[in-house]
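Scroll down for the structure; my scribbles are underneath it.
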């Protein structure tokens with residue numbers, strides 16, 4: 001059937017058909033059709049959604065997400081035909097029954113996913129099957145290679161090419177803003193692609209965006225890295241391993257992070273940007289993704305094994321993740337804290353130590369320093385101002401202000417100090433509670449929102465002294481953040497009353 005094309009501004013791949021047209025074509029809700037643009041003869045597939053009112057008879061409405069592959073224009077004539085069920089469905093059902101994917105089956109699934117042949121429910125079924133029944137190392141390798149092949153890849157003539165990654169879960173993780181310039185200043189290449197915050201108070205891409213643009217193509221990333229030695233960019237703006245981004249999108253509502261998918265996701269991005277050397281930070285402890293050291297070692301061995309299969313040398317650092325890195329959480333607060341350290345000012349010990357430790361491992365792996373001297377060399381690069389100079393070079397090549405200073409980042413004018421209710425030592429902080437408070441205050445959307453942690457575990461505080469200060473750009477945001485702080489007890493001081501429980505009599 002030939003119809004006239006209309007469009008709707010949503011990203012979900014879908015085609016809306018009037019119920020009368022759908023009956024004539026012979027499709028039901030959730031079925032898929034092929035869409036051919038008559039002018040170019042280009043054909044794609046998309047899942048069907050049926051409506052009586054949103055699309056009139058004789059018209060088909062596709063989402064912008066669908067049109068990314070069709071490249072049509074509103075008013076074009078298109079041909080719609082019922083499409084057969086893709087082979088991927090049988091492979092997904094096989095995994096549901098406990099089977100194992102072959103390389104060819106994985107390739108078909110990723111191809112169908114990338115070209116929007118699979119519907120959202122079918123992608124969700126794939127993710128759920130892989131989560132419940134798991135992926136062995138062969139399947140993880142297949143998945144990694146196919147995710148890389150689904151998009152653009154970068155190749156550098158100069159070697160080695162370094163990358164770093166953190167498993168996440170720790171607030172205030174701004175170390176990329178120090179690690180990347182240290183590594184680049186040593187003469188190595190580091191094309192760092194980063195993510196935005198999904199559930200956190202600020203992803204690395206959010207932080208870097210306060211300093212410079214972060215959306216670039218793969219070709220631009222290569223050129224900038226070769227000129228400046230490194231970049232810090234948003235991976236979501238590229239066409240690098242796009243199948244991975246799609247899977248993550250469907251994982252998020254389920255709040256699941258399948259182990260095999262996580263391994264493939266990490267390594268696909270590294271492989272696609274041409275990295276041959278990678279340092280991976282695995283934070284452990286309460287509130288992190290990895291509960292203890294034993295589990296951290298298991299994950300590290302899996303990442304190293306996968307790296308060996310892919311030709312990437314991987315070393316992992318199992319680190320303490322029980323409290324924030326540094327004392328600031330929120331975009332401007334974290335950027336200011338990181339730049340302050342690069343400028344040679346005194347900073348939080350946790351931020352300095354972790355940054356030079358991760359950078360130092362990379363320097364040792366690449367032969368820039370001898371064994372056990374990498375951290376010292378990394379600290380020396382910071383102390384001598386080489387890392388600051390390199391960071392300003394990176395900021396400039398990405399389109400930012402090379403004269404920027406740590407004092408150039410304002411915080412929200414609405415503030416609230418959370419005081420200690422008693423004297424004593426801070427026994428713990430709740431990472432997730434701090435993240436929730438910062439997000440309630442407006443971070444990462446409001447760059448001036450967030451919090452400053454005055455006291456960390458092991459430090460003494462007197463009654464009435466500040467535990468943390470909350471910053472917000474809007475009054476109502478501050479009110480929400482205060483409510484979150486009062487109910488979550490983000491900083492625990494020994495002897496403090498957490499709850500009073502009375503009888504009903």
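Cβ atoms are placed via backbone N, Cα and C, with glycine included.
Swiss-Prot lists 169, 195, 196, 197, 198, 199, 200, 204, 265 as AMP-binding residues, and of the candidates 222, 227, 289 the one it assigns to that same site is 289. Non-local contacts of residue 198 (AMP binding site) by the CB criterion (under 8 A, 6+ apart in sequence, same chain) comprise 252.
Comparing residue 200 (AMP binding site) with residue 257 (active site, proton donor), their Cα atoms are 15 Å apart once rounded. Remark: residue 196 (AMP binding site) has 203, 205, 206, 234, 236, 444 as non-local neighbours, by Cβ distance under 8 Å and separation of at least 6 in sequence. Other Cβ atoms within 10 Å of the Cβ of residue 265 (AMP binding site), summed over all protein chains shown, number 22. Farthest C-alpha pair in the AMP-binding residues 169, 195, 196, 197, 198, 199, 200, 204, 265, 289: 19 Å apart.
Residue density at residue 169 (AMP binding site): 21 other Cβ atoms are found within 10 A of its Cβ, drawing on all protein chains shown.
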